[in-house]
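See structure below.
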Amino acid sequence: MSSRSLSAILLLLGAFVAVCHASNGDRTQFFHNCRQNCERTNCSADGLEIQEQAVKFYKQSVFDRLFQWSCADECQYGCMWRTVLAFFERGWPIPQFYGKWPFLRLLGMQEPASVIFSGLNFAVHLRLLRKFRREVRPDSPCYMLTHIFAVTSLNGWVWSAIFHTRDFPLTELLDYAFAYSIILCSLYVMVMRMLHRYSLFLRGVISLAFLSYYINYFAYLSVGRFNYAFNMMVNVATGVIAAVGWFVWCHFVRIRRPYFRRILRFYVLMALAMSLELLDFPPILWILDAHALWHLATVPLASLYYDFMIEDCRTLRKEKVAAGGYAFYN
């Protein structure tokens, strides 16, 4: 059994008894010295990084090479686990590294559970979009709104999976930016649903305002130092506004539209699921953390949203037909 395998076994056993407090593992002298020595010994020749040395020394898999794990990355990964083991042996809290808990790599993926659950969310949204298209006629009011939300969500979950596979500055930016696009789109859908009877000009102006705001926010995220606290505040504020808008609508239509309970349940359960993000504990078996659980919790909630939109579009179309808005259909 290799020393790396033995270390992994000890870490798995210790995961359930370690005290869960954040620590700056990457700032310890132990980690710094380990990484420096590793890179000097294995990664350089005349000052140049030699990727072939990483393949030979670390026995990289085809997935590691596919996801661009360089020799320096391998040194950081290996020294991270040596530091965690050193903390564990001394009975110290498990440390974080560069703002993240230590995760076991699987098939080249940094955070395999989050990648898998992001993929599940993508699959669910794709399946529910197909269900919507089967059950709702294209000439129904708000038909395109659901497509806009679905496409935005599919794009967001793709970048979530990419970011959790490999954490680069670009993948981080796109993950955060497109995650916010889903939340902003939910607010846009709420506003457009309330105004669907108004003029196309008014809805067009509001749509352009939303698009302009998002482009500016994307540019803000792209320039300068990323402000995590501010980004989280903006996400929460946007989600709360969308939820409040739907709650007010539900209050006024609770008699005429009994299916309002679906969108109400969606936002209530989504708020409860988001509370998982407030938890902070070392990953179970070094794979499953609070963020991954949040991604898992969103998987079954999507059906509530799409079922609401299916019923709402059907109802709106029936009302318009009854009002003479359509020619006779068989």
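For all residues, glycine too, the Cβ spot is worked out from N, Cα and C.
Note: TrEMBL annotation is automatic and uncurated.
Note that this is a predicted model, so its numbers are computed, not measured.
As annotated by TrEMBL, signal peptide applies to 1-22.
Marked as transmembrane segment by TrEMBL: 112-129 (among others).
The transmembrane segment annotation in TrEMBL covers 141-162 (among others).
Here TrEMBL flags 174-191 (among others) as transmembrane segment. Long-range contacts of the transmembrane segment (174-191) within the same chain, counting only residues at least 6 positions beyond its ends with a Cβ under 8 Å from a Cβ of the stretch, are 145-146, 148-149, 152-153, 155-156, 159-160, 162-164, 206-207, 210, 213-214, 217-218, 221-222, 226, 231, 234-235, 238-239, 241-242, 245-246, 249.
TrEMBL lists 200-220 (among others) with the feature transmembrane segment.
Annotated transmembrane segment per TrEMBL: 232-252 (among others), in sequence order.
The annotation transmembrane segment is assigned in TrEMBL to 264-286 (among others).
Two recorded stretches are said to be in contact when at least 3 C-beta pairs lie under 8 angstroms, sequence spacing 6 or more; the transmembrane segment (141-162) and the transmembrane segment (200-220) fall short of this definition. Using a Cβ-Cβ cut-off under 8 Å and counting only residues 6 or more beyond its ends in the same chain, the transmembrane segment (232-252) has close neighbours at 179-180, 183-184, 186-187, 190-191, 193-194, 217, 260-261, 263-264, 267, 270-271, 274.
Cβ atoms under 8 Å from those of the transmembrane segment (200-220) belong to residues 177, 180-181, 184, 187-188, 191-192, 234 of the same chain, restricted to positions at least 6 beyond its ends.
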